[in-house]
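See below for the structure under consideration.
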Amino acid sequence: QDKVAVVGAGVIGLSTAVCIAESIPSCAVTVLAEHFTPDTTSDVAAGILLPHPFPETPLHKQRCWFKDTFDHLLSICNSTDAAEAGVFLLSGWQVFQETPSTKDPYWSTVVLGFHMMTDAELQRFPKYKFGQSFTTIKCECSKYLLWLEKRLKNAGGQLHTEKITGFEQLTSSYDIIVNCSGLGSRDLADDQSLYPVRGQILRVHAPWLKHFIRDGNGHTYIFPGIHSVTLGGTRQKHNWEMSVDEADSSGIFERCCELEPSLKKSQVCSKLVGLRPTRNSLRLEREFFVHGNRQVPIIHNYGHGGGGISIHWGTALEATQLVKESINWRNPTSKL
Amino acid sequence: MGAWLSLLSFSYKVGPWWDCEMSFGSLSPLRYMRVAVIGAGVIGLSSALCIHDRYHSKVTPLSIDVYADRFTPLTTSDGAAGLWQPYLYDNGNTQETKWNKETFDYLLSLINSPDSIKMGIFTQSGYNLFTEPMPEPSWKDIVLGFRHLTPQEMKMFPDYRCGWFNTALMIEGKSYLPWLMDRLNERGVKFHQKKIVSFRELADRRVDVILNCTGVRAGELQPDPLLKPGRGQILKVDAPWLKHFIITHNPKTGVYSTPYIIPGSRSVTVGGIFQVGNWSEDNNSEDHRKVWEEGCCLVPSLKNARIMDDWTGLRPVRSSVRLDNETLQFGDKQCEVIHNYGHGGYGLTIHWGCALEAANLFGKILEKKRLTTHSRL
């Protein structure tokens, strides 16, 4: 049996662990993390499937990861697991004050029913001159991560609360390490190109809202969830502040009320902060870690920025493929 | 709701000092009119509001009383899911399409107003599904963003071959009716919990105009062979992850006889029963089973949802809406009746257009009375 350690229990760590445990029966998977749901970055995210651009990752890869994730979640949406997994369809509008250069982004054929908003549809957004209407998926991590944990245990995986400060802690007990530590990789993988983009959100009670509305500039968005509506947001680069900022809160609330006036009647339930683990390109590759006389493959899967949930299953599949290759490398005779 | 019930135990009067019994001859007929509305569902209440707002300055005083055996939340309008959607085709009845459009445009104009949530108005998108290709509906240009479903979307509904997607409006009776009653109360309209058994009863009280908004039981006041109950039974389910309406259609079995699910602000309505001629207001276990099983087939995630309630209502089904007036004579008393009933499964959908038309008919009655007055002088 190959012992695999997955570091990180956010959406990336858990989905990668599940993927490995379910598709490589010879692996014994253990997830090690300092934080588990509801204390991960993924728990703060609204979880709307809408890709986040990686300036230095080839577009075809981004599209592939997004499509794999969308298709995977769509089948959950239409199954009896949907409620427990926290996955459901959501329609809505992305509106622009200035017509964007790309009217037809690469993901328009992945989401459902993508089309340009009609004039009648745009009338409800007087400050906006262009819009896209489509149906996507919301994946609520407060439920989804618990469901993934259950799936992992069913596949024989384990979960341990343990903060990993160096890969050398793992080399004696594990054959393969999968690094899904998000922002933690700054220290753990000594990666200074990784930086936080601070996001603050409000969760309000507004059960009459059935559509998402997002300003194309990414700074204002309304994402209805199962029990609350997420209002956002902020995109503060290199800001590590985890406590709630009241000026940000009022700014978010005001901007969202302008987009959707009925929100003025909503009650704020909570205010949260998450730090998007941002990088110019996603790091999804294998490196070899040498410790003493051991050479252990580490598969890195981090730097998803604001698009973790949007591409999680796609990157989990690719990371799993790298794990398979590492096993073959370790045991070349098994090929014969 | 509790506040309204306690007020209804006696005639609740708020209004100008002259709003009381006066001998008919001391003011010229047009300076005093007594209107009685029978029925406190969406049709009765909205017609009353429309007439009051248009004519209270032209007719002083305009006294309006609403009589009903059932008030919110016990009316048919309260149980309806509240989705704005007419039947698929108007079969040449372009007047009803016009009234539907007037209602949609009116509700849409209120969507960003401060009262929208109190009124129970919000947008919702969703799917209409078919087993065979169908002509586009009479309302395709009324709703927002109407389009055909893509092959990718149809994969989500393997039992269906094609369908439509659009953004429509919700107008929830449980919120809208109390809002209407508040507006009427502010305008001095009085409410009476009383079953009116004949038009004569009101003529005897010197009512000048009766608004007959009695819905499915209109036949008790005046026989109407075209009016029949269209019994519906629904389940109210706790499934807040559902954000779209889904209406299936089978032209062979008729409208709303196949599963539909309509999420609301507080629960999801699951239905699919339309039994013409069935007067039973009791929940039926066989209907419950059919609705639940077919709903879960359509939306598998429902299987793990909690059923909160069952409800049965009688849609006032008629070949077309009856919206006209007639003059009734009871001995030496004459009374104008404006009929406004028979809205089937689209009462909320069409209510405002009908209220506007009822107000038009009221205006014609005023004109006639003015001419009558002149001819007397």
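Placement of Cβ uses the backbone N, Cα and C atoms for every residue, glycine included.
Unlike curated records, TrEMBL annotations are generated automatically.
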Matching residue for the D-dopa site, where TrEMBL names A:Tyr221, A:Arg276 - out of A:Gly251, A:Gly303, A:Gly306, A:Gly307: A:Gly306
Which listed residue (A:Thr41, A:Ser42) has most other Cβ within 10 Å, given these are binding-site residues: A:Ser42
Sorted by sequence, non-A:Tyr221, A:Arg276, A:Gly306 residues with Cβ within 8 Å of centre, D-dopa: A:Ala45, A:His52, A:Val197, A:Gly199, A:Gly218, A:Gly232, A:Gly233, A:Arg235, A:Gly305, A:Gly307
Reduced DSSP assignment, A:Ser42 (FAD binding site): helix
Whole-number Å value for how far A:Arg276 (D-dopa binding site) lies from A:Thr41 (FAD binding site) (Cα to Cα): 7
For A:Tyr221 (D-dopa binding site), the number of other Cβ atoms found within 10 Å of its own Cβ: 24
Inter-residue Cα distance where the pair is A:Ser42 (FAD binding site) and A:Arg276 (D-dopa binding site), in Å: 9
For D-dopa, whose listed binding residues are A:Tyr221, A:Arg276, A:Gly306, the greatest C-alpha pairwise distance in Å: 16
